[in-house]
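Copied over from TrEMBL:
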| type | residues | note |
| --- | --- | --- |
| TRANSMEM | 28-51 | transmembrane segment |
| DOMAIN | 43-295 | domain 'G-protein coupled receptors family 1 profile' |
| TRANSMEM | 63-89 | transmembrane segment |
| TRANSMEM | 101-122 | transmembrane segment |
| TRANSMEM | 142-165 | transmembrane segment |
| TRANSMEM | 200-228 | transmembrane segment |
| TRANSMEM | 240-262 | transmembrane segment |
| TRANSMEM | 274-295 | transmembrane segment |
């Protein structure tokens, strides 16, 4: 119901406008985003299939890569179909509960991806700095615990954001969200009430997950570099460093894009809204799109098995 001051009390429906200022060209922007999404789903599915059916790829590094691929598919799928509905078919309305669900899933998958990247860095750290104990440390039991742990950490830490919005914020100045998907701060900023607690908790979750992971990934790679450069043979140094290149590329693109998007939304009032929204969209689509390419090119075992998958599928068709 509408209040006298023009605010809306607990809206049942929100409106996602897409990319503010670029509404007239959104239909064209949707084409490359759709191509990136399809390539991301295809590439990550291919990696999952290869790892599942090739027993030689059931090592911790490849299992973590499969976790990353599954998370990438889920992350891009929870936002892109709705985004394309806005861009192409003007399906701009979303129920308040569905918007909160999308927000929670989105931030949960981001947290899971960060946790998997940390696990991959620790795997490389043990493999290079303590290779004799790698098999005993990264047992099947530990891999299961890591998978469950990073999932629960992201899901549980993200849940209070839902509660703080649903039960704390009652009045909204508008139901129009200036975004192409339901992002935490984009929803919170609609409220006319004091949103400091929501902002503080959002920052707490970001630094608890992303900050913690970045610190330990960085420390792992500092130790890895010290160990690698102490190896006596140049060929051994190159081989050890080569196993880390793909992960470093994925790590940099995920966190650099993520932190730029995060801080511009909170502190970049001078940045045009369409720049921020475009960067936010790219942040969620570029890593899932590039990860299979990076790992496919840099990981010889996966690269060698790609033709096998297509040969097998051809035989099955015949």
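Quick reminder: no glycine exception, Cβ is built from N, Cα and C everywhere.
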So, taking each listed stretch (63-89, 101-122, 200-228, 240-262) in turn and counting its Cβ pairs to the transmembrane segment (274-295) that are under 8 angstroms, which one gives the highest count?
240-262
Residues sitting near the transmembrane segment (63-89): Cβ under 8 Å, six or more positions beyond its termini, same chain?
16-18, 26-27, 29-30, 33-34, 37, 40-41, 44-45, 47-48, 51-52, 102, 105-106, 109-110, 112-113, 116-117, 119-120, 123, 143, 147, 180-181, 250, 281, 284-285, 287-288, 291-292, 295, 299, 302
Please report, as numbers and ranges, the same-chain residues at least 6 past the borders of the transmembrane segment (200-228) whose CB is under 8 Å from any CB of it.
107, 111, 114-115, 117-118, 121-122, 124-125, 128-129, 153-154, 157-158, 160-161, 164, 184-185, 188, 237, 240-241, 244, 248, 251, 255, 258-259, 262, 266
Going along the chain, which residues at least six beyond the ends of the transmembrane segment (28-51) come within the CB cut-off of under 8 Å?
19, 22, 57-58, 62-63, 65-66, 69-70, 72-73, 76-77, 80, 83-84, 87-88, 278, 281, 285-286, 288-289, 291-293, 295-296, 302, 305-306, 309
